[in-house]
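Chemist: First the structure, which I've put down as structure tokens, then a few questions once you've had a look.
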Amino acid sequence: MQEVSGWVGPAPSSAPSSRGVPDAGRQVKTEERVLTRRPTPAAQAPARAEDSATRRTRRVAAHFPTGKTLGSWRVEDSSIPTATQNALTTLEWIGRKENLVVSGPSGTGKSHFTEGLAHAAIENDLRVAWFTLETLESTLARTKIDGSMAKTVARICRADLIVIDDVGLLPVAADAAEAFYRIIDAAYERRSIAVTSNIHPSGFDTIMPKTIATAGIDRLMHHAHFVQTQGDSHRLAEALAGRGVVPLT
Ligand SMILES: Nc1ncnc2c1ncn2[C@@H]1O[C@H](COP(=O)(O)OP(=O)(O)O)[C@@H](O)[C@H]1O
Ligand SMILES: [Mg+2]
């Protein structure tokens, strides 16, 4: 496990090059930091109609929660070190079948950053599957009826990146914990998993059966980049600044 938190471990000294993200070559300039979007072969070449269609299909199949991308991500407003953000946006870790675990308080950008990376993965011709524990549980629960669980797990693991968002917000039912474990086990060293959580992974045994948590976390964290976010909720800050709604007239 590599810790790349703002307050637990050092950030990588240099961001790996290559792959990159869709809006390649563009730099998002901020007051203090610059997030460099590296050009990629996929992004540099003019998109062929069939490639665009494939990406569109994959975007729909991924079931993204909000459609937020790195385009609306403000580097300087994140507690994740810029070098870490840069290294993750290369998407090289997905090529290496490594995992990403983002944990920290609510409203600190865990889901937005992860969804931005996942959109970038689609633009780089990768497949993504996005779940919460609840949607994962319901997807696998259906397969218990007709005995197609193994097939469904294998289908989910065709994605290069499998995201399980917001682990720990709600108590985890036994079936959801089992679904969580099955995907982690099936994807282990074969696919990348990204997990976001408001609790530290070492505390997952407080929200799911200990045996499942221990075995799952062991596999998840073995090849994982661990990023911790911190600070106040961006949602609360926006609400308090009166930017949460369009003013009533
Ligand atoms: N660095 C950032 N740049 C742009 N928007 C951000 C940033 N961090 C958080 N936000 C916004 O704040 C809100 C909460 O972020 P979210 O990713 O849902 O938090 P979390 O998953 O940690 O609870 C969202 O509207 C998100 O777009
Ligand atoms: Mg979230």
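Glycine is no exception: its Cβ is also placed from the backbone N, Cα and C atoms.
Nobody curates TrEMBL annotations by hand; they come from automatic prediction.
What TrEMBL shows for this protein is this:
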REGION    1-58  region 'Disordered'
COMPBIAS  26-35  compositional bias 'Basic and acidic residues'
COMPBIAS  37-47  compositional bias 'Low complexity'
DOMAIN    96-227  domain 'AAA+ ATPase'
Chemist: Pull the DSSP breakdown for the domain 'AAA+ ATPase' (96-227) and write it out as helix, strand, coil residue counts.
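Modeler: Across the domain 'AAA+ ATPase' (96-227), DSSP assigns the residues as follows: 69 helix, 27 strand, 36 coil.
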Chemist: Looking only at the domain 'AAA+ ATPase' (96-227), report the model's average pLDDT.
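Modeler: Over the domain 'AAA+ ATPase' (96-227), the predicted model scores a mean pLDDT of 95.
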